[in-house]
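Database features, via TrEMBL:
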type: TRANSMEM; residues: 6-23; note: transmembrane segment
type: TRANSMEM; residues: 30-47; note: transmembrane segment
type: TRANSMEM; residues: 53-72; note: transmembrane segment
type: TRANSMEM; residues: 92-111; note: transmembrane segment
type: TRANSMEM; residues: 140-162; note: transmembrane segment
Amino acid sequence: MEQLLFYIFAVIAVAAALAVITVKNPVHSAVSLIVCLIQVAALYVLLKIPFLAAVQVFIYVGAVMVLFLFAVMIIDIGKERLKEQIHGQKKYAIPAVILFFMATGYMVLWGKLTVPTPNDPASLPGFHIEGIGKFLYTKYIFPFELVSVLLLVALVGAIVLVMKDKKGKRPKDHTIDEKP
């Protein structure tokens, strides 16, 4: 039963991920990404890692995706501009996708991809919350800080985009003038 649930969640996650990149409306794409992230959280529950599942739902689905939807709705990308951007990228995207799938197929079929599976997953060092914290702040401190800077840059970029006028100019500074 557990294996059947795993396959159901995995198929839904892959289908939602495909919808993210194939749907033309950015809001529908974001909703598909939310479905994908929830399915990944369900996979974490099946793997008996409830803390990671809760973090997945609260942080990614609850916070990041709401922020993304908010930004998409504020930016209001016009369909004409979006079509122009997509049309110019097709000649690079199609060969890149074909190459990606060929490389992935090669690795899956002929590569030596093995994942060690211990008898007791709870014995892994990063399984418990304490182990995750130790890994994040010792061995993986550089990637952790890099992600922090990336999120800060994304936040500043979102603020800059919101502050722009529809014509691409920044609005006038709003200052309070003191009257004598």
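Every residue gets a Cβ built from N, Cα and C, even glycine.
When each of the listed stretches 6-23, 30-47, 53-72, 92-111 is scored by C-beta pairs under 8 angstroms to the transmembrane segment (140-162), 53-72 comes out highest.
Nonlocal intrachain contacts for the transmembrane segment (53-72), taken as residues 6+ away from its ends with a CB within less than 8 angstroms of a stretch CB, comprise 26-27, 30, 33-34, 37-38, 40-42, 44-45, 158, 161-162.
Sequence-distant contacts of the transmembrane segment (92-111) (same chain, six or more residues past either end, CB-CB distance under 8 Å): none. Here the transmembrane segment (6-23) has Cβ contacts under 8 Å with residues 29, 32-33, 35-36, 39-40, 42-43, 46 of the same chain, all six or more residues outside its ends.
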